[in-house]
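Here Swiss-Prot flags 1-107, 119-260, 737-808 as region 'Disordered'. Here Swiss-Prot flags 95-106, 199-211, 243-257 as compositional bias 'Acidic residues'. According to Swiss-Prot, the motif 'Q motif' annotation covers 285-313. Residues or ranges marked as domain 'Helicase ATP-binding' by Swiss-Prot: 316-490. Residues or ranges marked as motif 'DEAD box' in Swiss-Prot: 438-441. What Swiss-Prot lists as domain 'Helicase C-terminal' is 517-674, and the listing cites sequence analysis. Residues annotated as compositional bias 'Low complexity' in Swiss-Prot: 737-747.
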Amino acid sequence: MAPRIDDDFVFTISDHDDVSDDGGAEEIAAASAKLAGRGKKRKHTEDPDLNIRPKEAPSKKAKKDKKKGKKGKQAEPEPAAEDESDLEIAHPGEDVEGNDDIDSEFEFAVGDIDTGFVEEFDGWGNAEGTVGREQNAEKKSNAVDIDDIIERRQNKKMAEKDTMSDSEDEADKDDFSGFGEDDELLAEDGFGMGAGSDSDSEGDDEEDGDQDESKINNDSEGGAGESDDEDVAPHVPHPMDLEGAESDDAMSEQEDAVEAKKAAAFFAPEESESGKKKKGAKSIGSFHAMSLSRPIQKGLAAIGFTEPTPIQAKAIPIAMQGKDVVGGAETGSGKTAAFLIPILERLLYRPKKVPTTRVAIFMPTRELAVQCFNVATKLASFTDITFALLAGGFSSREQEVMLKTRPDVVIATPGRFIDHMHNTAAFQVEHLEILVLDEADRMLEEGFETQLNEILTTIPKSRQTMLFSATMTSTVDKLIRIGMDKPVRLMVDAKKHTVKGLTQEFIRLRQGKEDKRLAYLMYICEKIYTERVIIFFRQKKEAHRVRVVFALCGLKASELHGNMSQEQRIQAVEAFRSGKSSYLLATDVASRGLDIKNVSTVINYEAPQSHEIYLHRVGRTARAGRSGRACTLAAEPDRKVVKQAVKQSRDQGSKVVSRQVPVEETDRWMEKLRGLEDEIEDVLKEEKEERTLSITERDLKRGMNLIEHEAEIKSRPKRVWFETEKEKMAEREKGAAALNAAAGGSVKQKKKKLSGKDKKKLDARDERSEGKIWKKAKEDRGMDTNRAKEKKALAKNKSKKISKLSRR
């Protein structure tokens, strides 16, 4: 009779001893973990006894040794010692086998073993989160580097023993070697005296700030600075401000009344939500009071989140109920966690038999998508939820492999999401249950309109939709287009206000002094704000040029804009985050959502096109309760945006000051910049030549690959897109027009081929501009007509004679 088995566990094919020695289990486990993304692999895809198998062999050996008797134990003492060490490592697995009361699927250690508490979690600080960061650093070495070009040119000058260049280099080093406390000085008569970025001078700031605020509040134009010493005449308000103030207020009141009626019918009633809170009578002071699952609480503790922010306390309970949410809160208030936590909590109770993608989170920029991906994977490190990052600039082949594993959550930019939706067979969106639009007001603008419509018409209509932004739109018509069902509106300090810890400074550029803008910027960066500064530009070209100027002056800076490759963009953020560069020169690509730790100052080289963009720019500092400064160089065309910013700050009671730049410092930098103009042009020219050479090499390599692997390349299916190239260009132009229309600007129109009518109109206009010219009189015109008639008659007679001769 066969011996009775101790437990009722039924071995499958993978559990049999015949398969245990081939060594393939570990490879399969490693491969599945690699394909499954950053999270832990699923239970249904893993072999439940892969971790138990190495521990079964010693347990079976022990049973055989008992049957053999004491001789077997004495003969083999060394294997027994090895078995004890193995059992110590696999102690949890042994308990599962020995105790029938514990569930066999219970997991003692899930996720990364080295995961621990992280102080001041940074979305860019996750070493494993950023996709291929080290590989991207190697790829970036092929790109053109401004620092290398400048260093090479300086070495050439040193080799030529140019005494003038040597003296200039030494002067530059003397100017920028210190960055000490003595350098952070303002002019004695400066309007923002003592308004430095150092935290030690906060007491002086408050004393001077009271005077500054009183002065700037009297400036009815929303002044970007105090009048110069030369101006003695009292300030007179601008006529445009006086004319437009009353009409704007009247129009805004009418629009608010209409929108209020629409909102009352569209949004869920807020009273019912407040009534539920009163009945519950349980204040949410921590995440434990939200009844979150244990893995989610462990993930929050690992990041260092202990208490929810106001937007998190409001949004998480409602989002966990599956309701649509429209959330708005100030910058740096934790909106990302406000929608990630309820999503992860709901996914813990998903059906796990059939893997499918259930959540789609959309971001307007690639950097924001990478940051959200890192935060999500860190929060879900103690769960089996899987993630995929679909952003432009990364390898689409790697993303296709990741999508074959059917990740639970997809964090994407709209363009790459649509690309995979049309061209990747393994990517299915029919079972999406949750849709999230972060920075929703930007996603609803003209530039993303067609892409968003394409996504919304493809994914299921029966879904939960959540929108979040710091400047959340109140236009109901845009929200109706998304297909929301009685959404709950949650607004926490979202009245287009800045953060309380932010001090706003304005440097006014008088009319005719706009050419001194760069000199003002260089003085500020040299003397006042020397570390952890983000400088925003409107144009990519200007940001790159200033990057060259900074490099020539010895200031360590990185640039971030759309003309850079994705590898370069990530490297720029990493260099600034790690402290390798003190300045980040960026366009509005970095204005939304980017959360970099300890950014002390934000400088606007030019005021942005709208007040909403201004709020997002200055929101890169003073995040999560910290203090920070925002400095704006404002000229006459920036009057409207500056006026709105000062008015909102005055209503909010935040600190607004004006700063003056000493005239002698401005003149010194103007002379220095004039001397560097030729060097700047030479550097840009050399960079252009190197870039052209690298592009030629790339095209040559591509052509060689086309010849060598022609059959394989042609066998690949052609990638399709829902828009033509003309439609793409039209969409971009429409977005640029909408953006610049808000600032009262105009968009450059491309030259088109002139038709015949247009050419005649232009000729007529030229004739009119030339003035009076000689024209034929009536008699002359009559003579011409008579001659024409005579010629016509002669031609007819000739034709008749020819016809008669031909008949004969």
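Sequential numbering from 1, following the chain as shown.
Placed from the backbone N, Cα and C atoms, the Cβ positions cover glycine too.
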Tertiary contacts of the motif 'DEAD box' (438-441) (same chain, 6+ residues out, Cβ under 8 Å): 326, 335-336, 339, 361-364, 368, 372, 467-469, 471-473, 592-593, 612
Model confidence over the motif 'DEAD box' (438-441), averaged pLDDT: 90
Composition by DSSP (helix, strand, coil) of residues within the motif 'Q motif' (285-313): 18 helix, 0 strand, 11 coil
Which residue counts does DSSP give the motif 'DEAD box' (438-441) for helix, strand and coil? 2 helix, 1 strand, 1 coil
